[in-house]
Amino acid sequence: MLNIVLFEPEIPPNTGNIIRLCANTGCQLHLIKPLGFTWDDKRLRRAGLDYHEFADIKHHHDYQAFLDSEKLDSTQPARLFALTTKGTPAHSAVSYQANDYLLFGPETRGLPAYILDALPAQQKIRIPMQADSRSMNLSNAVSVVVYEAWRQLGYPGALLKE
């Protein structure tokens with residue numbers, strides 16, 4: 001199972017859409033606080049529809065609590081990929097493995113330097129875009145990367161019709 005990690009997400013409909021994505025792809029969702037909304041926000045519920053009960057969601061007090069809980073060592077982060085416009089390899093150049101962690105920053109500011117600086121260059125990846133584009137919508141970016149990783153893994157758990 002792939003792991004989607006949202007660091008301090010700010011916009012409830014984006015997180016709701018990602019909850020629905022997790023329910024449909026079997027990904028586990030990790031939410032690192034503080035969140036920019038309350039967990040009972042109507043916009044979050046509306047975007048996620050009734051998929052909340054089908055998604056595996058873990059809340060973490062902060063980034064260090066996430067690393068500790070998931071037994072990831074920030075000095076040797078194994079299979080933790082940060083999505084950033086500052087990354088070099090494209091998301092499609094990674095050979096994904098089950099249980100990889102895909103880390104996304106908040107919508108308005110991206111991941112902080114202390115997180116990016118702790119990761120090796122090959123674990124800071126980007127989604128290719130036009131040169132004059134700043135970034136993609138968070139829920140769209142998560143979908144792009146998750147479906148590429150899931151495709152590489154052979155869509156485990158998916159209902160495929162040949």
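Here the Cβ of each residue, glycine as well, is placed from N, Cα and C on the backbone.
Fair warning: this is a prediction, and the values are worked out from it, not measured in the lab.
If you look up Swiss-Prot, you'll see Leu83, Gly105, Ile127, Ser135 marked as S-adenosyl-L-methionine binding site, on the strength of sequence analysis.
Compared over the binding-site residues Leu83, Ile127, the count of CB atoms lying within 10 A of a residue's CB peaks at Leu83. All protein chains shown were included, and the count of other CB atoms within 10 Å of the CB of Gly105 (S-adenosyl-L-methionine binding site) stands at 25. Taken residue by residue with DSSP, Ser135 (S-adenosyl-L-methionine binding site) is part of neither helix nor strand, so it is coil. Over all protein chains present, the Cβ of Ser135 (S-adenosyl-L-methionine binding site) has 17 other Cβ atoms lying within 10 Å. Comment: S-adenosyl-L-methionine site residues Leu83, Gly105, Ile127, Ser135; largest CA to CA distance 14 Å, whole number. In sequence order, Thr84, Thr85, Phe104, Gly110, Arg126, Met136, Leu138, Ala141 are the same-chain residues whose CB sits within 8 A of the CB centroid of Leu83, Gly105, Ile127, Ser135, the residues recorded for S-adenosyl-L-methionine being left out.
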